[in-house]
Amino acid sequence: MKRYVYINDDESARDLYCDNRISNRKYTLLNFIPKNLGEQFSRFMNQYFLLIACLQLWPLITPVNPASTWGPLIFIFAVSATKEAWDDYNRYLSDKKANEKEVWVVMHGLRKLVQAQDIHVGNIIWLRENDEVPCDLALIGTSDPQGVCYIETAALDGETDLKTRVIPSACMGIDSELLHKIKGVIECPSPDKDIRRFDANLRLFPPFLDNDVCPLTIKNTILQSCYLRNTEWACGVAVYTGNETKLGMCRGVPEPKLTAMDAMIDKLTGAIFVFQIVVVIVLGIAGNVWKDTEANKQWYVKYPEEGPWFELLIIPLRFELLCSIMIPISIKVSLDLVKSLYAKFIDWDNGMIDQETGTPSHATNTAISEDLGQVEYILTDKTGTLTENKMIFRRCCINGVFYGNDSGDALKDVELHNAVSSGSPDVIHFLTIMAICNTVIPIKAKTGDIFYKAQSQDEDALVRAAAWLHMVFVNKNANILEIKFNASTIQYEVLETLEFTSDRKRMSVVVKDCQNGKILLLTKGADEAILPYACPGQQTRAFFEAVEQYSQLGLRTLCLAWRQLKEDEYEEWSLLFKEANSTLVDREWRIAEVCQRLEHDLDILGVTAIEDRLQDGVPETIETLRKAGINFWMLTGDKQNTAIQIALSCNFISPEPKGQLLLIDGKTEDEVRQSLERVLLTMRITTSEPKDVAFAVDGWALEIALKYYRKAFTELAILSRTAICCRVTPSQKAQLVELLKSCDYRTLAIGDGGNDVRMIQQADIGVGISGREGLQAARAADYSIGKFRFLKRLILVHGRYSYNRTAFLSQYSFYKSLLICFIQIFFSFISGVSGTSLFNSLSLMAYNVFYTSIPVLVSVLDKDLNEETVMQHPQILFYCQAGRFDFIMLSTLFFQILCIIFYNFFICGDVSLEIRLIVGQWSLNSQYQFLNRLLNPSTFAGWFGRSLFHAIVVFVISIHAYAYEKSEMEEVSMVALSGCIWLQAFVVTLETNSFTILQCIAIWGNLASFYFINWIFSALPSSGMYTIMFRLCRQPSYWTTVFLIVAAGMGPILALKYFRYTYRPSKINILQQAERLGGPILSLGSIEPQPRPILEKEVSPLSITQPKNRNPVYEPLLSDSPNTRRSFGSGAPFDFFQTQFRLSSSYSRNKDN
């Protein structure tokens, strides 16, 4: 699709395209309620609760007042709606401020001050220095005679360096007074969000130009939210307005990411729902049987002789309403609230502020903090992420002569300075390319000093190095470049610029020497993009050796070349280049094809070597996170040798003999296949050895492997803990992330530049570094940090704490709901299986909303270990990683428990022992062990069993103490409810690891508020609880009953916890003891994996099978046996986890005992 923008035509485009009104609002006053309710009811749980609430409006089946469900439901919906309304109101205020900003617009030949929202496509906008650009403009005039202006794009891409924009050639020389009257048409594509591309054509109407086509590129535009700098004025034509600007197209709401814990909670909710349906069916049948048999024998029970046709459904539906609280209605709001707090903790962390730049950490996505504690793979960029992106020119090779090898700094090499002084032609040409083959802008300060604004740190280093060697780039006036060499001034006219792309991997400029009129092609780029295009007969061996030598030192290399063009050759090529620039379809590909026709037969001059130092703390961070079982992949555009040297220096891979690096290379399918076979065979053999095995692959081989041998490469990815992928493109980075995600691994991608955005957005967690390449990566990421070293704290501290707290909160929410529901079920067995509720509606409503919610919300402050201990022992992150789920297995467990309940209540009358036995046997069964220690079916079964046990304790003691003739049902109900509240207070206290004043107030203050609230209701005659709490609190038997409930309910749990903590402590328990005693830990046992069933089958060389329950990424050893414990030498770091490498899913796991 195309759009035609008619310049300075006030009427033509007014109805065709939108105005410049910005709207990021999600709602309006009219659609807020229906749209918000529609969004909330799109979730299954909300639909379920709405159905339950509607069924409770049917008086025939509801066992409680409908307010018990409608109250919490409305409260929760109101909280969510209020949050959405507040966020939308803030967006409205931001939009209003932008829309009402005043700008100068040319209307009917006159400049008028209008609001930004009144701009239309085709209007001419007049900007002054430091003005913000209100919409996307195509430049037609500037205050500079050469048609140049400078803009700041920090708000667009985060890059603070000024960029140049130039008016199209068709507008050159038009007087500023005539710009008000200019007429023409711009043919451009439909709006898109690519901020680096604008392929359009301009035609000016007579008398300005006789319909000659002039191509427009991104260099001829100023995009919305940029600022005009160092330019008195500029004007342009509005081509995209409102939400159709490139920035507006990028503002779309990203798709929400589902965390591993959210997925687990959804599956556990599904299992509970299945269990609930089975309970309802069983109790419904039992209730109908009892009604038809036993009810007729009771004088006080009277059913009508003939009921409605749906009579058999009444009791099951009553039980459905009674059991609906099994699924906690408040869990979604509670999780959203605490996750927002987790994000704030990251924002407030002073330990993650970059002191050099003052950049704090920031959580853009507030919903996935717990996933940080479950990361299994980290995919990282190199330049600017692991390194500082501060480029320093170190060495060079010019025409086979090496400079800087002795001193390590070519700028101090006497031989190079002598060559410059003597005027060596090759050296002078070499320095000239360094100085002007770039997009650098020289800026002269008032003091006379020259500063350079460069979009690339490599170009900045080359220009500064050339200046140090007396080839000084002093001025850039439109297309005229001015260089001072020693005492002479040299001028070049830039005829064409062949820009760098990730596909071409080189950049060229065509310049004309103003002294002699010669036309020169100057080129720089990667060795594989330059050396193969050397002129026939030139010896390039020395240059290959230089590239190899510099790469071995971890230096970044660029090859420099040139050739002289004949005038007729340039003229012929220029026509093709202009035609390619005018193409609206596949312009980038056409330009690359035309560039290829010129960039050949090059005279290779030499090779530059630039050092990019590692950031502080990178080796330590990678080593620590590898101890935590996290795998690392480096994805870089650098040469393989350079990447390998950087990987060695930052502990990414280990040198021989401890480590082994396998190379995958090849230019054809057969070569890549053979290389993959060799590496896979070696990897399968060495996985049983205590050796750090990694592989390296370049972009070409990677492209073939992903296209033709994806299964083999996937197996290789599973087998290897470390990979180095070189010469990869942004799309390949995203493909690798997708590959690991397809294997069900939790991935984290980290980068600092615009070429990392696709990778960051594709990963489960995206982390951007606010670096020298701008803020594009940081803005696209879920989290932004100032330096790579803060990743350690982000994962180990914030990720682990968030995971632990969310695991407790979610399971506790199910526990408290199941507890009250089981009591209701037990009560039905002594009330004729009729579905009668023991608790009144008011108590049920307050139970979920007030009595049990506040104490658990302060779990966001809980810390099982101090931050220092967590950072010192990263291996404990194993307890958060790689949890897996078996829905059928958990449903089977619930069904077994249900059968025991039903059988024993009717036959034996006791269920507690059998329930505890089956839950314990199931939990201890080796095939059901899960590495994820805090939230999985095993731990959930423990909370399920605890709720069942506590329900039995509360029900049995309450009934035996108060179920006599003179007791009221409300008294029994209040005693049972009091027992639940007391038990939960002790449960929260027992599960809390670190206490603060706020936590103590929340737990025990909430208990006091329970009595205070019920005293108030007991004073109201209409509450249905009149005088109940007053009478109970005066009875010693009430307090005795509460004491017995707490003692019977918490006694076994305390005993079990004491036994495990004393005699079978986990590694975390040992660390907790050490913290409390304040002494060092001398020895800890190793952590061994529990055996899992692994399918063994023969695998062909290039075929793998991914089972559903695959092996974890890097499993720790989980043996608590004292015989397996080993001590470490004094002064050694406390490493109590043994390394265990994963094998392929098709191979057995080899364990070192």
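One is the number of the first residue shown, and numbering goes on along the chain from there.
Cβ coordinates come from backbone N, Cα and C, glycine included.
Here TrEMBL flags Asp381 as active site, 4-aspartylphosphate intermediate. Feature annotation from TrEMBL assigns Mg(2+) binding site to Asp381, Thr383, Asp752, Asp756. As annotated by TrEMBL, ATP binding site applies to Asp381, Lys382, Thr383, Glu459, Phe500, Lys524, Arg556, Thr636, Gly637, Asp638, Arg727, Lys733, Asn755, Asp756. The domain 'P-type ATPase N-terminal' annotation in TrEMBL covers 5-70. The domain 'P-type ATPase C-terminal' annotation in TrEMBL covers 778-905. The feature region 'Disordered' is assigned by TrEMBL to 1106-1131. Per TrEMBL, transmembrane segment is recorded for 44-61, 268-290, 818-838, 887-907, 943-964, 971-990, 996-1017, 1038-1059.
Secondary structure by DSSP for the domain 'P-type ATPase N-terminal' (5-70): 25 helix, 3 strand, 38 coil. Contacts of Thr383 (Mg(2+) binding site) defined by a Cβ separation under 8 A and a same-chain sequence distance of 6+ are given as Asn389, Arg556, Asp612, Thr636, Gly637, Asp638, Asp752, Gly753, in order along the sequence.
If you take the C-beta of Phe500 (ATP binding site) and look for same-chain residues 6 or more apart in sequence within under 8 angstroms, you find Arg506, Met507, Gly525. Candidate binding-site residues: Arg727, Asn755, Asp756. Nearest to Asp381 (active site, 4-aspartylphosphate intermediate) by Cα distance: Asp756. Cβ neighbour density within 10 Å is lowest for Asp381 among the recorded positions Asp381, Asp752, Asp756. Taking a C-beta cut-off of under 8 angstroms and a sequence separation of 6 or more, Arg727 (ATP binding site) has the following same-chain neighbours: Ala526, Glu528, Thr636, Gly637, Asp638, Lys639, Gln640, Asp698, Gly699, Trp700. Where the transmembrane segment (971-990) meets the stretches 818-838, 943-964, 1038-1059, the count of C-beta pairs under 8 angstroms peaks at 1038-1059. Sequence-distant contacts (6 or more apart, same chain, Cβ under 8 Å) of Asn755 (ATP binding site) comprise Asp381, Ser502, Gly637, Pro730, Lys733. Long-range contacts of the transmembrane segment (1038-1059) within its own chain (CB-CB distance under 8 A, at least 6 residues past either end) are made by residues 946, 949-950, 953-954, 957-958, 961-962, 975, 978-979, 982-983, 986-987, 990, 1032.
Of all residue pairs in the ATP-binding list (Asp381, Lys382, Thr383, Glu459, Phe500, Lys524, Arg556, Thr636, Gly637, Asp638, Arg727, Lys733, Asn755, Asp756), the one with the greatest Cα separation is 25 Å apart. Its Cβ taken as reference, Gly637 (ATP binding site) is surrounded by 22 other Cβ atoms within 10 Å in the chains shown. If you take every residue in the domain 'P-type ATPase N-terminal' (5-70) and average the pLDDT, you get 79. Arg556 (ATP binding site) is surrounded by 24 other CB atoms, counting those within 10 A of its CB over all protein chains shown.
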